[in-house]
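The following features are taken from TrEMBL:
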| type | residues | note |
| --- | --- | --- |
| DOMAIN | 3-117 | domain 'Tetrahydrofolate dehydrogenase/cyclohydrolase catalytic' |
| DOMAIN | 163-286 | domain 'Tetrahydrofolate dehydrogenase/cyclohydrolase NAD(P)-binding' |
| BINDING | Gly172, Arg173, Gly174, Ile238 | NADP(+) binding site |
Amino acid sequence: MIIDGKLLAREILSSLKSEVDQLKRRHYLPHLAVVLVGNDPASLSYVRQKRIAAEAIGAKLSLHHFKRTPDYQKIAEFILHLSKDHGIHGIILQRPLPPSLSAQVLTRRVSLIKDIDGFLPKTPFTPPLGLAIFKILNHIYFQQILGREMPEDDFSKTLLSWLKQQKIVLIGRGETGGKPIADTLTQHHLNLIILNSQSENQDEYLKSGDIIISAVGKHQIIGTKNTRPGAILIGVGIHSEKGKLRGDYDEKEIATVARFYTPIPGGVGPVNVACLMHNLVTATKLQIR
């Protein structure tokens, strides 16, 4: 069964809009600042998606676009300036950055309370992608398997108890893909196997998985040969092929074995952006206490 990420994202954004409306009545407007360096088409597309989501909940998004690569000191000071601005509640340094700039180093200039991407140590925020995985698993377990409404707590004891009975296999460990997912899952002490391109016996591990999360970005990493019947498949990896966005698996093929699976596009992506907006609203509330 296909999991409609767009529908799930709309539900999340609708709920967030109600929260933003309440904040506006108190004269607070959630404000997300996005720092973009260069003109990478994929990055520009991701920023557009964030702007659409921000508009959907009634929040403000300001784009600070360096079309040419600035020197480190200039952009570092600019990020620090954004961090000190009380009218800005969340800051994103759009990845990837040019080789001359280190995203990891520059992120340290972001105030902890505005780190809505969840990259900093001791961040108060769950990385949006990790949260998106939990939102999808909540939807699958409560609404699809149990036929119940989802609880407000994304990390409820009921969900975690079920997940601890599942063998979860994550393939891919990129900075913006597999890593934030792995960090979120291990934080909740789940039974997790992490694979990468150097892992031996990949197919055997994948076929043992009750839940497979693929964050590679290569064609047909996952297929019927390495997915057991009845598995849950969540696709995060994405790449362009002949002008079209493709995932790590062929959806028609995988539909014959997976009990539930997310499409690409229209699966994890929209939920990820919605979860970023969730963190923005949370950050705003934390800063106006």
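Indices start at 1 and increase along the chain as displayed.
Cβ coordinates are placed from backbone N, Cα and C, and glycine is handled just like the others.
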Just give the helix, strand and coil counts over the domain 'Tetrahydrofolate dehydrogenase/cyclohydrolase catalytic' (3-117), going by DSSP. 59 helix, 18 strand, 38 coil
Counting only residues 6+ away in sequence within the same chain, which have a CB under 8 Å from the CB of Ile238 (NADP(+) binding site)? Gly217, Leu245, Arg246, Gly247, Ile264, Pro265, Gly269
Given that the record lists Gly172, Arg173, Gly174, Ile238 as binding NADP(+), what is the largest C-alpha to C-alpha distance among them, in Å? 14
Using DSSP, tally how many residues of the domain 'Tetrahydrofolate dehydrogenase/cyclohydrolase NAD(P)-binding' (163-286) sit in helix, strand and coil. 43 helix, 26 strand, 55 coil
Which entry in the list of binding-site residues, Gly172, Gly174, has its Cβ near the fewest other Cβ atoms, using 10 Å as the limit? Gly174
For NADP(+), residues beyond Gly172, Arg173, Gly174, Ile238 with C-beta within 8 angstroms of the site's Cβ centre include exactly Thr176, Gly177, Gly178, Ala215, Val216, Gly217, Val236, Gly237
Write out the long-range same-chain contacts of Arg173 (NADP(+) binding site), meaning residues 6 or more apart in sequence whose Cβ is under 8 Å from its Cβ. Lys179, Ala182, Ile194, Asn196, Ala215
